[in-house]
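Novice: This is the feature table in Swiss-Prot:
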type: REPEAT; residues: 148-187; note: repeat 'WD 3'
type: REPEAT; residues: 364-403; note: repeat 'WD 8'
type: REPEAT; residues: 561-601; note: repeat 'WD 10'
type: REGION; residues: 604-627; note: region 'Disordered'
type: COMPBIAS; residues: 615-627; note: compositional bias 'Acidic residues'
type: REPEAT; residues: 814-853; note: repeat 'WD 13'
type: REPEAT; residues: 1236-1276; note: repeat 'WD 20'
type: REGION; residues: 1322-1352; note: region 'Disordered'
type: COMPBIAS; residues: 1322-1337; note: compositional bias 'Basic and acidic residues'
type: REPEAT; residues: 1412-1456; note: repeat 'WD 21'
type: REPEAT; residues: 1553-1591; note: repeat 'WD 24'
type: REPEAT; residues: 1685-1724; note: repeat 'WD 26'
type: REPEAT; residues: 1726-1767; note: repeat 'WD 27'
type: REPEAT; residues: 1768-1807; note: repeat 'WD 28'
type: REPEAT; residues: 1880-1919; note: repeat 'WD 29'
type: REPEAT; residues: 1925-1958; note: repeat 'WD 30'
Amino acid sequence: MADRTAPRCQLRLEWVYGYRGHQCRNNLYYTAGKEVVYFVAGVGVVYNTREHSQKFFLGHNDDIISLALHPDKTLIATGQVGKEPYICIWNSYNVHTVSILKDVHTHGVACLAFDSDGQHLASVGLDAKNTVCIWDWRKGKLLASATGHSDRIFDISWDPYQPNRMVSCGVKHIKFWTLCGNALTAKRGIFGKTGDLQTILCLACAKEDITYSGALNGDIYVWKGLTLVRTIQGAHSAGIFSLYACEEGFATGGRDGCIRLWDTDFKPITKIDLRETEQGYKGLSIRSVCWKADRLLAGTQDSEIFEVIVRERDKPMLILQGHCEGELWALALHPKKPLAVTGSDDRSVRLWSLADHALIARCNMEEAVRSVSFSPDGSQLALGMKDGSFIVLRVRDMTEVVHIKDRKEVIHEMKFSPDGSYLAVGSNDGPVDVYAVAQRYKKIGECNKSLSFITHIDWSLDSKYLQTNDGAGERLFYKMPSGKPLTSKEEIKGIPWASWTCVRGPEVSGIWPKYTEVIDINSVDANYNSSVLVSGDDFGLVKLFKFPCLKKGAKFRKYVGHSAHVTNVRWSHDFQWVLSTGGADHSVFQWRFIPEAVSNGVLETTPQEGGADSYSEESDSDFSDVPELDSDIEQETQINYDRQVYKEDLPQLKQQSKEKNHAVPFLKREKAPEDSLKLQFIHGYRGYDCRNNLFYTQAGEVVYHIAAVAVVYNRQQHAQRLYLGHDDDILSLTIHPVKDYVATGQVGRDAAVHVWDTQTLKCLSLLKGHHQRGVCALDFSADGKCLVSVGLDDFHSVVFWDWKKGEKIATTRGHKDKIFVVKCNPQHADKLVTVGIKHIKFWQQAGGGFTSKRGSFGSAGKLETMMCVSYGRMEDLVFSGAATGDIFIWKDVLLLKTVKAHDGPVFAMYALDKGFVTGGKDGIVELWDDMFERCLKTYAIKRTALSTSSKGLLLEDNPSIRAITLGHGHILVGTKNGEILEIDKSGPMTLLVQGHMEGEVWGLAAHPLLPICATVSDDKTLRIWELSSQHRMLAVRKLKKGGRCCAFSPDGKALAVGLNDGSFLVVNADTVEDMLSFHHRKEMISDIKFSKDTGKYLAVASHDNFVDIYNVLTSKRVGICKGASSYITHIDWDSRGKLLQVNSGAKEQLFFEAPRGRKHTIRPSEAEKIEWDTWTCVLGPTCEGIWPAHSDVTDVNAANLTKDGSLLATGDDFGFVKLFSYPVKGQHARFKKYVGHSAHVTNVRWLHNDSVLLTVGGADTALMIWTREFVGTQESKLVDSEESDTDAEEDGGYDSDVAREKAIDYTTKIYAVSIREMEGTKPHQQLKEVSMEERPPVSRAAPQPEKLQKNNITKKKKLVEELALDHVFGYRGFDCRNNLHYLNDGADIIFHTAAAGIVQNLSTGSQSFYLEHTDDILCLTVNQHPKYRNVVATSQIGTTPSIHIWDAMTKHTLSMLRCFHTKGVNYINFSATGKLLVSVGVDPEHTITVWRWQEGTKVASRGGHLERIFVVEFRPDSDTQFVSVGVKHMKFWTLAGSALLYKKGVIGSMEAAKMQTMLSVAFGANNLTFTGAINGDVYVWKEHFLIRLVAKAHTGPVFTMYTTLRDGLIVTGGKERPTKEGGAVKLWDQEMKRCRAFQLETGQLVECVRSVCRGKGKILVGTKDGEIIEVGEKSAASNILIDGHMEGEIWGLATHPSKDMFISASNDGTARIWDLADKKLLNKVNLGHAARCAAYSPDGEMVAIGMKNGEFVILLVNTLKVWGKKRDRKSAIQDIRISPDNRFLAVGSSEQTVDFYDLTQGTSLNRIGYCKDIPSFVIQMDFSADSKYIQVSTGAYKRQVHEVPLGKQVTEAMVVEKITWASWTSVLGDEVIGIWPRNADKADVNCACVTHAGLNIVTGDDFGLLKLFDFPCTEKFAKHKRYFGHSAHVTNIRFSSDDKYVVSTGGDDCSVFVWRCL
């Protein structure tokens, strides 16, 4: 058989010719070592100009396109393109990878930048969103990411003087970014009038917020802050591509070929025009500049690098040049000298010196060059062109000899014949033309058999033959020079070839993988001397093969560097070098060849990673010298760990079936049983596909795993403690080096690893999110801080975790085949080794990734499948055990030697202090010294060695050993057969536990009299187990076939076993020897049962659809039951032994009579009365309820009823064991369910006395023993069973407030939608009518009257410059809770309303504000830890809401957390240490998230509940425990690493208690939790069990609770009618046993408290109605601090004409008068209906209020008594006005009318006129100063003027122009056209008001903005200032009488804002 191994020689990259100047910029720098760093293709190059040497970084796998230099000038970051691109940070000294950043960007990484201290790296992606990311690059951790821009970003730069500030620029934009927490927020640069909006190409930041940027037009734009302040015009005459900042100043380079230097203030120093220099040329374009001291670097578009010394700037040196843009295909080497020539689509031919690494000549052609060839004497050079012509040049002076064009298509291949007389030219037309050199290249022959383009040609040594390859994959031969085809095989065989560059033919068939496309290898070249072949392919690889290379799929060595296609490879004339060309990367690589003799079989590992790569994984064919896989290993690799359905699919399946069957009326479901189960003991150990999964704890207990359970086994007591946290098969287990912690990994779609404590069995951390299918190997690092895991995905990913935090540190792809073991290096925490199928790799962590080296075997051994590995005591020594039985000894990555240890694979190895212990398939344990030089002792595992204290029997001698460990003077061994043995060092062995081997277990039978059971499995064994405290296997027998069922006879002496081949046998139950056997059926026997009493009959059911009945005494078949339409699943006898009940796979329930087997049809009602001997069936009305809602997917495999008929146990395909109360009638009965089995529970049986349940688990091979806990014994210890889900019927009642809050939908609010239903064209889109006479500029006419009456003429006209928020009246209580707190020991309070966080000083009443939120704040919490005093967190509504953490005193934002709680965050809370924050969203899943807020990192997140969660709070003494309550929701959470685990509250059997809607939480000592319920009870929990009720703590829902940290007292607040005894606020003792009630004295019928907080002797209370009240604990006196409007939009607003007062009128049915100076409520009146508008009379004595129901009221201001009222309309009054002369009242309504009333006629209020012809509802009205006219704005965006009081419309523009208005509140009209914004299509400007001075107008809109404009405001989109604070809609706005204040009202935020005018 031909040799398929890789060659022993190697290549090493020596030089790269080229620099990537196209489509990149800023990619050329000086390092600290004065070397030049740049990139080309996929290689980072460090070029030392002094020594003319290069170093290479080869860590990328595709084109590098971006590069950044770390501030230390040594570290380099490079980014690449690709589907999953990554960033490498590497050291320019030793070109080692320091960190890898991956898994975030797609498409490519376009820009990179380090910040000034080098800690953070910013990167920009090439994806559609141009994502910007910030990395903590050393950790490989993403800190923040954000959408960059809609178009390309070209450059990014950090501000060196301000941390966390960054600038990016690109197509038509520049953005200024700030990083806060995990939020990256951008503000766009404002170009203004200073410069044109245009594309910015490069940036540099300077001090004092100055940013310099280079623009596409050649200008430098200078920015201060966000604003463009000046431009330096014509800095370059075309686009500026590069801008470099350094100590000396700035350097710029542009498309005009100039470099300009500027000083630190950007004053010009000098200019260097490279086009004008010696090497310059027209069109030279600079892409990158770098300035260091006296030197400059410039990189050009055409791949040159210039170095300029500043003193001699007219003499730039060209230090590097390569081919320009255009594909590079042509390559030829000089036949006699170390020269190479290349030709490219850039139309140049270049001659390179291989010895000097330099370009010696360049010749430009007219056409693209695609092939070149030297004549044999080296004097002539032929070039094949893209246009089908070829040119021959004289090499000496590069002059043309001939130019011939015979073809149209490109010439891709040409070669001179070895004797120099002919030139063969192959074109894409198909033929090869032959030309005679001596006859001036006359064409003398043509080879034309090819049907496709010619790819390769080779001449024979004697120049008589030619072979060709073409695009169709054909290989043809021709006689030369005629071109006659040659077909004789014999003749062809003997031809010696002068060169071999063809990719087809027997000699090179090994270069092709076994199954492949034909075209992906572009070029090969053979080195006959060393018998090696080099190839270049489409994947950027250069490979070395042996030559000839005959068998497909040969091994090779591969070399990376080229990014995409390697277009050509050639040997130099003396075989010293290989040259390769890259198509797209236009680079030429020069590789030094290291022959075998030099490398002498040992691969030197070059410093470059990714270099010297032996035995590539690409082609793992079983080649000559690798033995075939051992059968055990092969079997293991075939196991499939995928599941049809995973446990996490259950909720969805349930949901789907609910939706399908929603028509079914909801009947009362059966109650769950009272009794429960406890898992006591498991027989089994998973050895058949796992290893190293057996350990001693320090306490001497044994840990291992079986099914989904991890077992802690006590040897002394022969008892087990079980960790039940997993929900599927555990596949791997490892123990912590220091503590008794264990990590276990399981099967799963998103496979989890649990780290748990063996003492407490509590989960410490749960690691998820990075493995698919399963976790097959685990290991802790030596210090125990890290954990490494290997997954079962296709790449066998390796993940390195910080397990305590639950964060992944790094990941990488492991190997394409299974990895068996991973081990951490004991000395170096960042090094690992993995072994697996034909695999050993040594890994080094680098940031978020790993770099790896394969084990290098050299001549000491061959590549083997490795089964185990250990580090030695000495540094760098590694020992691995192979499938051959050898131990391989490694130093670093080199194999030193091998030692024969076992026959067959070495499956297990364990390192000791002074040696090793190994175990193999041969069943022998061997003790070795520390270098595997001597075997000190061997132990063979044999039956004879078993001690008497063994708990079972060995199935066979020398079982295969899968796990081994030492400790406590013993060797612990786990076998493939499922046995765990303990070997004493002196020799005796004790069997501790055992179970079935690989194969499904279905057969299970309990002995009728004794605590014994039998099991039978597909592993072809029958086993008998003792179930008393001994728990051991009594007997075992091997069977010829596997079995699926067994049964004891009624006296227990005989045991019947049904086998899978259709036979069955009856054995003696004691000796397990045959009594009789039959083989009557072909398909498997599925059930077997003896009839009752004497056991006269035996019924045998099979998959042949029959049940056979045998007479036991006569041993004859007496009857056959026919009639089932499918296979039989279960059978049961009745108690008389006459009737058989049968279940079939078609869900039939049938009855047959013994002995003949006659079929009976029995009505269900009758069947229920029959007494059955056993019940194992799953069908029929009495067990209808055991089928789950989604049972079309899952099946119930088994059921069994207790003897007393009360309890039915079932086992199903989800691994659940369930208990039901029998009979189980009606659908979907409730149950208790238990986990432990992994996927399927195949059988369940009660022991003869019903005290124990036995279950077997199918493929998990486990036999589990559960004890039944009766109701009586349960009270003492509550048991967790996963209860079935609770239902709606159980909620604790209904409350209107809770119902409202449940139904609140925040999404409608997020989007700014118009609050009024307007129609028509917006004002700024209407066409303007030109007024009749546009007045001439100078006119004799009288001056135009003022637009607006000036009220305060006496004062100087005052322009309002700014607004500042001064006070807010409002508190959001209606849908929030616990959002009101004391600060500074009760001196201040903090709360929120609208989008403002408010701090109010109680002594002065003054307020300060936090206004960074963009929409309604929904929650607020204060950090209680003294270290974080006054730290507040708030969050809001929004599609991607942010949580802001800020300092309450300075209002400085400390951190911002961008959340993915879509819709909004409705509760937040700090942990005990103040470092963590938990948030819960109003998204559909109600996600709960835990944050480390200072770092801005998300720790963990998980869906909380399907309905609203109201509160989530940390325990006051914990950072890991918290509680959430909500709609029928009560969960106790633990933060385990980065996972959230919860336990539901267990209510148990407490009488009055129901799981109901919970609204609030408080905490007590000793793990007590109090929760307030909707019905007014408080539930008291200990851990997660309910222990008592505080009945009716309040009469209504308990909305809020507060735990005082200093004394533990608890305050509750609820909804309650004030009575003598009760109150809505109560103060309780620590146990909530005694309380004191407080009245709030608000005068309301029902007080509803939403927030309480306790300070020093005071209780702070917030109510649903927006009041904030302080209650004295001693005096019980209450003091109202804030009395805002209640829920409802506020539309009515009017300011007093002369005093600092205003009135607001709201939909809450009240009107309130406020004092502007003292900021307090003066008076309020209840109107009984929603109010919509208000107006003062000009004398300020009366106020008119319009109502939503069409009524209006006039009140006297002083007393708020009604003066008069009237209702002439039935729909809302929108605006109301009293005329300046106090005569008329105008009332505008939704009925498109304005009514006029005469006030002088007294309180009768008769209507004296009205306006009709109004096109839509009225919005605003203004009277003229003389009370003769009124202007009306309408919902159709039309403004009309009417006469008063007749209502006639005024249409003459002339008249309208001359009116002076008393006030202006209209948003319509030419005077205010400028207030309408561009983006108003969905939202409107709602209100406006002009100052009394007439110089400003302020507006409020649907975006929640206040805007201040100049008045009049006649230009569209006028300039303005904007103010935030309101949330969505500003409904009304007014200036106070003296223009000192602006008052604005909010729609949804029910708040009144007062702004000071500055």
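Backbone N, Cα and C atoms are what each Cβ position is placed from, and that goes for glycine too.
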Novice: Express the predicted model's confidence over the repeat 'WD 27' (1726-1767) as a mean pLDDT, rounded to an integer.
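Specialist: So the average pLDDT across the repeat 'WD 27' (1726-1767) works out to 91.
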Novice: Tally of helix, strand and coil residues over the repeat 'WD 29' (1880-1919) according to DSSP?
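Specialist: Residue counts for the repeat 'WD 29' (1880-1919) by secondary structure: 0 helix, 17 strand, 23 coil.
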Novice: Quick one: find which recorded stretch in 561-601, 1236-1276, 1412-1456, 1553-1591 has the most Cβ pairs under 8 Å with the repeat 'WD 30' (1925-1958).
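Specialist: Comparing 561-601, 1236-1276, 1412-1456, 1553-1591: 1412-1456 has the most Cβ pairs near the repeat 'WD 30' (1925-1958).
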Novice: Which numbers of helix, strand and coil residues does DSSP report for the repeat 'WD 28' (1768-1807)?
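Specialist: In the repeat 'WD 28' (1768-1807), the DSSP-based counts are 3 helix, 18 strand, 19 coil.
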Novice: Using a Cβ-Cβ cut-off of under 8 Å, list the residues of the same chain that are 6+ residues beyond the ends of the repeat 'WD 26' (1685-1724) and lie near it.
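Specialist: Same-chain contacts beyond the flanks: 1315, 1366-1367, 1369-1370, 1374, 1405-1407, 1664-1666, 1730-1740, 1743, 1745-1746, 1748, 1755, 1757, 1760, 1929, 1931-1938, 1940-1941, 1943-1948, 1950-1952, 1954.
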Novice: Is the repeat 'WD 20' (1236-1276) in contact with the repeat 'WD 3' (148-187), using at least 3 Cβ pairs under 8 Å (sequence separation of 6 or more) as the test?
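Specialist: Judged by the Cβ rule, the two regions do not touch, with the required three close pairs absent.
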Novice: Do any residues, 6 or more residues outside the repeat 'WD 21' (1412-1456), come within under 8 Å Cβ-to-Cβ of it, and if so which ones?
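Specialist: Contacts of the repeat 'WD 21' (1412-1456) (Cβ under 8 Å, skipping residues fewer than 6 from its ends): 180-183, 185, 1306, 1309-1310, 1372, 1375-1376, 1378-1381, 1383-1384, 1388, 1390-1397, 1399, 1462-1470, 1472-1474, 1477, 1479, 1481-1482, 1491, 1493-1494, 1496, 1516, 1605, 1904, 1924, 1927-1928, 1948-1949.
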Novice: For the repeat 'WD 20' (1236-1276), could you work out the same-chain residues 6 or more beyond its ends whose Cβ comes under 8 Å from its Cβ atoms?
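Specialist: For the repeat 'WD 20' (1236-1276), the list is 643, 674-684, 686, 706-709, 722, 724, 728-729, 747, 978, 995-1011, 1013, 1015, 1017, 1019, 1025, 1027, 1031, 1176, 1197-1204, 1207, 1209-1217.
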Novice: Pull the DSSP breakdown for the repeat 'WD 8' (364-403) and write it out as helix, strand, coil residue counts.
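Specialist: Tallied per class, the repeat 'WD 8' (364-403) gives 0 helix, 24 strand, 16 coil.
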Novice: Determine how many residues of the repeat 'WD 24' (1553-1591) DSSP places in helix, in strand and in coil.
Specialist: 0 helix, 24 strand, 15 coil
Novice: Per DSSP, what is the helix/strand/coil residue tally across the repeat 'WD 10' (561-601)?
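Specialist: Computed counts for the repeat 'WD 10' (561-601) are 4 helix, 19 strand, 18 coil.
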